[in-house]
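Chemist: Sharing a structure, written as structure tokens. Questions coming.
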Amino acid sequence: MFMNRWLFSTNHKDIGTLYLLFGAWAGMVGTGLSLLIRAELGQPGTLIGDDQVYNVLVTAHAFVMIFFMVMPIMIGGFGNWLVPLMIGAPDMAFPRMNNMSFWLLPPSFLLLMASSMIEAGAGTGWTVYPPLAGNLAHAGASVDLTIFSLHLAGVSSILGAINFITTIINMKPPAMTQYQTPLFVWSVLVTAVLLLLSLPVLAAGITMLLTDRNLNTTFFDPAGGGDPILYQHLFWFFGHPEVYILILPGFGMISHIVTYYSGKKEPFGYMGMVWAMVSIGFLGFIVWAHHMFTVGMDVDTRAYFTSATMIIAIPTGVKVFSWLATLHGGNIKWSPALMWALGFIFLFTVGGLTGIVLANSSLDIVLHDTYYVVAHFHYVLSMGAVFAIMGGFVHWFPLFSGYTLNTTWAKIHFMIMFVGVNLTFFPQHFLGLSGMPRRYSDYPDAYTTWNTISSMGSFISLTAVMLMIFIIWEAFTSKREVLAVDLTSTNLEWLNGCPPPYHTFEEPAFVNPKWS
């Protein structure tokens with residue numbers, strides 16, 4: 001029974017739960033790696049003593065957080081749980097493929113961990129640029145294992161993307177049009193399209209790197225007529241859509257949370273929100289070289305990538321102001337989930353502003369590979385994606401479990417986390433503007449103050465993570481069951497009870513078409 005339910009599952013709710021648990025576990029591994037990084041940088045001088053090991057930590061931290069925490073939780077966890085419920089589908093379109101998508105991740109994670117256990121580990125940074133990732137600078141199997149790990153995670157995501165696209169387009173009730181689906185469903189659809197189009201390019205790039213390393217090809221080796229810059233183009237053609245893949249489901253969740261706790265029955269500017277997400281998805285594919293302003297591109301190429309990058313601020317602004325307009329005049333309920341959403345809107349906007357700074361190629365040439373870039377993307381990830389995940393979790397936890405969280409503890413948790421992440425990452429803007437480079441285990445004494453403060457902030461965030469574990473334990477032991485849910489007519493996922501039955505629909509859902 002246990003094996004049939006959890007190993008061979010074809011149920012979107014169980015698979016979603018598996019994704020959430022796996023993501024939470026990987027998230028703690030990733031947090032541990034980040035704390036080791038911050039411990040090393042907490043004061044001048046060495047702690048770990050080996051710069052290769054330091055770079056392995058940085059590389060693993062990025063891979064674990066991106067591929068094994070944010071994506072499994074947002075797309076696999078919330079996506080699997082909510083998309084079928086929100087469109088009235090009995091399950092996903094391909095339930096067994098859904099199971100395989102999940103079970104490809106633990107082996108992938110194992111390969112990534114194994115890569116750091118053998119030889120010297122993969123100390124390449126998450127970008128895995130040759131020639132550093134070539135077979136001279138990284139002899140041994142570490143980078144090869146990392147590449148295989150990425151292949152598995154990529155196949156998992158591609159299959160998941162096919163599943164979500166098919167489910168969302170094909171499994172709505174006949175009377176429901178695409179423009180009647182909730183914004184979270186739209187966000188998962190756009191995300192799935194991005195995954196489907198970008199991951200094959202990454203697979204091509206890392207496969208070429210694999211053959212360069214093992215089969216004497218020279219795709220990225222100038223000695224044989226190759227070009228290492230080609231790898232950067234292939235990687236970032238995936239890498240930039242990837243960062244939008246990480247944030248788009250968060251946009252969808254924030255739209256739901258803001259609407260719900262404003263007491264509104266719909267978000268402000270539904271169509272604008274949909275097309276903003278589609279625009280962001282499209283533009284995300286034509287700005288990749290802004291990660292490469294320092295490789296020596298023509299001035300006209302840099303002018304194009306600068307302006308194209310800035311255009312993304314427009315649909316993003318549409319979303320931010322629509323969230324604020326949704327809040328306007330609402331009957332605001334100050335729940336923990338809304339606090340996460342408001343924190344998301346503010347801090348994501350700050351991260352977006354530093355992104356506008358970095359979009360200027362002339363400025364980026366100075367700021368590239370400094371802590372200013374680290375501060376920028378951690379504001380949009382550590383305070384964008386993670387705040388969206390936390391907000392979504394405290395909002396939908398009663399749906400998933402049937403139990404309610406202690407709201408006082410949940411609010412305290414938010415406040416500790418808010419202080420922690422800001423104390424960690426705000427000083428890094430100053431470090432970057434003063435020229436402190438990324439991916440170094442040590443630094444001149446002049447940078448000590450801000451690094452010490454940053455490391456203190458990371459330990460405050462650790463306290464918040466541990467408090468969250470306690471809060472979840474408290475909810476499951478106290479067993480406060482859900483009494484009533486507001487606004488179910490426009491929040492269909494709550495309509496079948498908390499938690500919903502194992503099989504939501506024993507017969508096709510009926511949607512009255514009169515409103516369309």
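Here the Cβ of each residue, glycine as well, is placed from N, Cα and C on the backbone.
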Chemist: Tell me if the membrane topology in Swiss-Prot places ASP445 and ARG5 on the same side.
Modeler: no
Chemist: Looking at the Cu cation binding annotation from Swiss-Prot, with HIS290, HIS291 already listed, which candidate in HIS233, HIS240, HIS328 is the matching residue?
Modeler: HIS240
Chemist: Of SER401, SER434, SER441, SER454, which one shares the Na(+) site with GLU40, GLY45 in Swiss-Prot?
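Modeler: That Na(+) site, as Swiss-Prot gives it, pairs GLU40, GLY45 with SER441.
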Chemist: Non-local Cβ contacts of HIS240 (Cu cation binding site) (under 8 Å, 6 or more apart, same chain)?
Modeler: GLY284, PHE285, VAL287, TRP288, HIS290, HIS291
Chemist: Which chain-mates of GLY45 (Na(+) binding site) that are at least 6 residues away have a CB under 8 A from its CB, listed by sequence?
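Modeler: Listed in sequence order: ASP442.
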Chemist: Using a 10 Å cut-off, grab the number of neighbouring Cβ atoms around the Cβ of HIS376 (heme a3 binding site), all chains included.
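Modeler: If we count other Cβ atoms within 10 Å of HIS376 (heme a3 binding site), we arrive at 24.
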Chemist: Identify all same-chain residues not among GLU40, GLY45, SER441 whose C-beta atom falls within 8 angstroms of the centroid of the Na(+) site's C-beta atoms; report them in sequence order.
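Modeler: Apart from GLU40, GLY45, SER441, the close residues are LEU41, PRO44, THR46, LEU47, ILE48, GLY49, TYR54, ASP442.
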Chemist: Return the member of HIS61, TYR244, HIS376, HIS378 nearest to GLU40 (Na(+) binding site) in space, with distance defined Cα to Cα and candidates limited to these binding-site residues.
Modeler: HIS61
Chemist: Which bits of the chain, at least 6 residues beyond where the topological domain 'Mitochondrial matrix' (401-406) starts or stops, bring a Cβ under 8 A of a Cβ in it?
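Modeler: Distal contacts: 336, 394, 471-472, 474-476, 478-482, 498-499.
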Chemist: Report, in whole Å, the straight Cα-to-Cα distance of HIS61 (Fe(II)-heme a binding site) from HIS376 (heme a3 binding site).
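Modeler: That comes out at 17 Å between the alpha carbons.
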Chemist: Give me the DSSP three-state residue breakdown of the topological domain 'Mitochondrial matrix' (1-11), ordered helix, strand, coil.
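Modeler: Its residues divide into 5 helix, 0 strand, 6 coil.
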